[in-house]
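Record features, source Swiss-Prot:
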BINDING   Cys102, Cys107, Cys113, Ser348  [4Fe-4S] cluster 1 binding site
BINDING   Cys133, Cys137, Cys140  [4Fe-4S] cluster 2 binding site
DOMAIN    116-337  domain 'Radical SAM core'
Amino acid sequence: MATCLLMSTFTFIRCSVLKWGSGSSLPQEQKEKITKGPGLGDFISGEVESTDSWEDYMGKLRLEKGDKRLRLPPWLKKEIPIGKNYHSLKGTLRELNLATVCEEAKCPNIGECWGGGEDKTATATIMVMGDTCTRGCRFCSVKTARSPPPLDPNEPVHTAEAISRWGVDYIVITSVDRDDVADGGSAHFSECVKEIKKRIPSMLVECLTPDFRGDMEAVATVAQSGLDVFAHNIETVKRLTPFVRDPRAKYDQSLQVLSHVKKTVPDMVTKSSIMLGLGETDQEVRTAMEDLRRAGVDCLTLGQYMQPTKRHLKVQEYVTPTKFKHWEEVGGEMGFAYTASGPLVRSSYRAGEFYIKNLLNKKRTEATLDTSSQES
């Protein structure tokens with residue numbers, strides 16, 4: 001799966017969408033944090049060991065020759081609650097025959113994201129074009145096949161119907177790779193966006209897409225579908241790409257996809273993600289970030305890779321929260337509009353959606369003001 005959403009157990013997708021207004025119970029301090037942009041603390045919820053224990057952790061963080069696997073450090077241990085909305089959301093998905101990357105990628109955050117809570121609305125990242133991928137990335141737990149079942153023509157309508165029932169205002173649509181389909185499924189992807197916008201015009205839609213085999217017409221089809229954020233993940237650094245991703249997923253090809261989106265729709269907010277802990281060096285991470293900036297990428301997320309099953313790539317290193325904070329600062333210095341970097345950060349992470357939602361609303365307001373001034 002080329003989009004892969006920083007897949008594997010790495011797809012700890014944190015997709016809860018928080019809504020506030022005049023009647024919100026959110027404290028003012030938390031509202032300000034979200035408006036200004038998140039820090040590591042904003043990305044971690046549930047019961048996590050005290051940060052005092054992080055710096056004192058004496059366990060091994062790097063895999064050495066002969067080691068079977070690394071022990072999970074304290075900063076990656078948290079409670080996984082299941083809220084009252086969990087079963088309702090799951091029932092909607094089953095009724096409409098839809099798949100989510102939350103389930104297919106065995107995301108351990110599924111209970112929290114789907115469950116919601118007093119201050120947040122449950123949501124999920126919808127995975128369209130089926131639950132079977134034509135590619136086999138070595139970090140991803142989504143099932144694969146050369147010839148998956150045909151695309152469901154009713155899926156765009158069903159997707160819009162499901163989302164309308166959830167009452168959210170920001171949704172992420174991703175997909176498996178469909179190399180068996182002529183256009184890679186770009187027209188189908190586009191129809192999903194159009195149906196959502198037709199049913200809920202105010203909905204902010206982020207699409208996390210495949211590379212469409214480098215077919216730039218297919219990329220443009222999705223970019224011009226009416227979405228608000230175009231996301232495509234490079235997943236890892238250039239040197240590790242042939243080892244980590246499917247051979248058909250090329251590092252430079254992914255950069256070209258992101259660049260072409262900006263050429264097609266210059267004002268489009270673009271986004272990408274990098275997994276850490278696969279054996280990359282600091283210089284390689286920095287170079288990948290620089291490559292993304294040159295491609296015009298606005299938003300970047302970095303998070304810890306975790307091995308989904310014994311058949312997948314082993315974790316080579318558990319990156320510390322301090323190091324993730326360093327990369328967040330580097331991202332800001334490089335000029336990314338938004339950099340989310342932390343052990344539990346995932347490419348569709350909740351706090352990122354807050355920030356991007358504010359960015360998009362600001363753009364809408366500016367566009368309205370420009371139109372008004374021109375008319376006057």
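Using the three backbone atoms N, Cα and C, a Cβ is placed for every residue, glycine included.
Note that the structure is a prediction, hence the values are computed from the model and not measured.
This view paints the features noted in Swiss-Prot onto the structure.
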residue: Cys133; record: [4Fe-4S] cluster 2 binding site; CB count, 10 Å: 28
residue: Cys137; record: [4Fe-4S] cluster 2 binding site; CB count, 10 Å: 26
residue: Cys140; record: [4Fe-4S] cluster 2 binding site; CB count, 10 Å: 31
